[in-house]
Amino acid sequence: MNTAVDSSDSAPAPNADAQGGAAPRKAGRRDWIPVNYDLRDTWFPVSHSRDVTQRPIRRIIHSQPYYLWRDDGKPVASEFRPDAPQSARARTSAFTGGSGFYPVVERYGYVWAWYGNPDHVDVLLLPHIPFLPLDGSLPGYTQRTVRFDATSALSVENLLDLTHADFLHAGTIGDGISESDVVEVEWNSETLTRTRIVTQKSVAPIMRWVGGVRAKYQDFRAVLHVHLRSNVCISYPRFRPGYDVPNLQPFLPVGRHRSRCDVTFNTTAAPVPLRYVMPRIAFVIQPQDNSVVRPQNERYFDPDERPDLHSRFDTPGTRYRFQMESLAQRQQRGDFSYGSDADPGRDISGLLGMNG
Ligand SMILES: [Fe+2]
């Protein structure tokens, strides 16, 4: 396992060329262009389970259609609608090996579909999400859907930079005043984990209003575990005094200008009304985040603007860029395998700090 604490030890390599579609600007030596990532051979949580019924719905992963429905209760993911004529069924792609049907698994309250070569499918590559029941048996209030006018990788980078919350979300999560604030990052070729530990931080307003926390200050530890290929972000914030707010934020890469996030907040152990209010703050926080990522995403398509105003002192962000670039370059060379250092399905309860 590789680790770093508050140091900027490597610069991101320039992005490789785009694969098809409207061309964003050419990357300069120092520019990171997140809109080009199209990483394959991974599971995407394409939909909350409860949204998949007998009636077909459509999801998009990098312009590739995924029609989802249930047949006899079992989820089906296909390139065409169930009522599609024979002529449409003949137009199948390599993503389904010509069968028209994607590999599909239901777990953690999501329908997961494979994006890549179906010959490489492996259920052991599904992420481990220790705070979600395997059978997805959580009440509906824990689930929300938000959309961002930005590519997935930019949305993930925004989430990694947790310090943005101190000014962008100060009204709900709390300001930047604290005794100490340490950010650590560790990674392998498939995942990156950022931990932020803050002592004696101004108490989060939402914990005071609806969580019954009377203290003026609280300790805060937030772990974010990112699966690089799929943008699945497993987030475990812990407030003391206060509560754990484990949540899943999977950014579905709809396209270069859009990502979709079917969120789950498992607040079932928190007191009422925090239990019900916390999942809803996604609707407060999303416009705040979107107001930052939307104009930034547009810069990557404008030849007159310097696209990137990244700080090299943002260690998790810099590392994220470097790891994404390494994966993308490997895939461009035709190598879609998982390295021996990576085990996407490993137990991460300890890593998330759930046991301590
Ligand atoms: Fe945010």
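Along the chain as shown, residues are numbered 1 onward.
For all residues, glycine too, the Cβ spot is worked out from N, Cα and C.
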Quiz item: Which range, 305-330, 331-356, does TrEMBL list as region 'Disordered'?
Solution: 331-356
Quiz prompt | Per TrEMBL record, range annotated region 'Disordered' [choices 1-27, 82-108, 136-162, 244-270] | solution = 1-27
Quiz prompt | Long-range Cβ neighbours of the region 'Disordered' (331-356) (under 8 Å; 6 or more residues past either end) | solution = 16, 39-41, 116-117, 120, 124-128, 130-131, 188-191, 193, 195, 221, 223, 225, 227, 234, 236, 238, 244, 246
